[in-house]
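K.L.:
These came from TrEMBL, pasted as-is:
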- 21-38: transmembrane segment (TRANSMEM)
- 44-65: transmembrane segment (TRANSMEM)
- 77-96: transmembrane segment (TRANSMEM)
- 102-122: transmembrane segment (TRANSMEM)
- 129-149: transmembrane segment (TRANSMEM)
- 161-186: transmembrane segment (TRANSMEM)
Amino acid sequence: MSTSLSSPANKVSLAWRPTDIVVAAVLAVACGIIFWAWNSSYQVLAPLWAAFPPASSLINGMWLFPAVLGGLIIRKPGAAVFVELVAAVISAFLGSSFGMTVLASGLVQGLGAELVFAFFLYRKFHVIVAILAGLATGLFGGVNDAYIFNWFPEYSETWKLVYVLGSMVSGAIAGVVAWLVTRALAKTGALSSMRSRHAAVEPATR
């Protein structure tokens with residue numbers, strides 16, 4: 001891919017470099033391990049929403065976080081999908097209680113964030129974009145769970161809607177966390193070779 005965005009004052013290459021691939025892969029592996037641990041904790045946390053099962057979607061953010069983080073750090077087309085999907089592959093390889101369905105979930109969730117970054121032409125990565133990416137990831141993931149995979153056939157339509165809304169809220173929170181993590185990593189110099197190397201000093205909202 002050799003796509004680029006240019007202006008008289010600035011030219012931004014959207015082509016993936018070997019460094020981008022390596023960093024995206026490292027992020028995906030780390031997030032995949034987190035996925036695996038979070039998958040294992042799902043049943044342990046189940047009593048928290050026993051009185052109102054749709055509230056379980058409020059913990060979805062941990063599964064949505066990698067898509068936003070990948071997009072914010074790599075800042076190239078496909079980064080959100082790549083990190084989310086590969087993280088899902090890693091968690092499936094380690095052993096997921098959700099089986100191979102996590103691969104489809106990873107793809108769908110990654111697409112949600114990817115569409116938001118694409119809408120902003122991979123040029124804006126402030127906290128509002130991160131929140132929107134998280135919301136979209138939560139929307140796609142929630143719809144996938146409640147309607148496409150129909151994990152909850154016992155839910156009424158109202159409960160399914162609440163589940164999706166909860167997933168979006170959780171996704172928005174995940175977006176803020178991913179934005180903060182990106183800034184923190186940039187401060188350490190860990191992103192010195194990435195487009196996101198100045199994330200720590202970029203304006204928060206524009």
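Yeah, the Cβs are placed from backbone N, Cα and C, and that goes for glycine too.
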K.L.:
State, in range form, which of 44-65, 77-96, 161-186 has the highest count of Cβ pairs under 8 Å to the transmembrane segment (21-38).
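P.N.:
Per the Cβ under 8 Å count, 77-96.
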K.L.:
So which residues does the transmembrane segment (44-65) touch in its own chain, when a touch means Cβ under 8 Å and the partner is 6 or more beyond its ends?
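P.N.:
31, 34-35, 38, 105, 109, 113, 134, 137-138, 141-142, 145, 152, 155, 159-160, 162-167, 169-171, 173-174, 177-178.
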K.L.:
Which sequence-distant residues neighbour the transmembrane segment (77-96)? Criterion: at least 6 residues beyond either end, Cβ under 8 Å.
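P.N.:
Answer is 1, 3, 14, 16, 20, 24-25, 27-29, 31-36, 39, 66-71, 102-103, 105-107, 109-111, 113-114, 117-118, 122, 133, 137.
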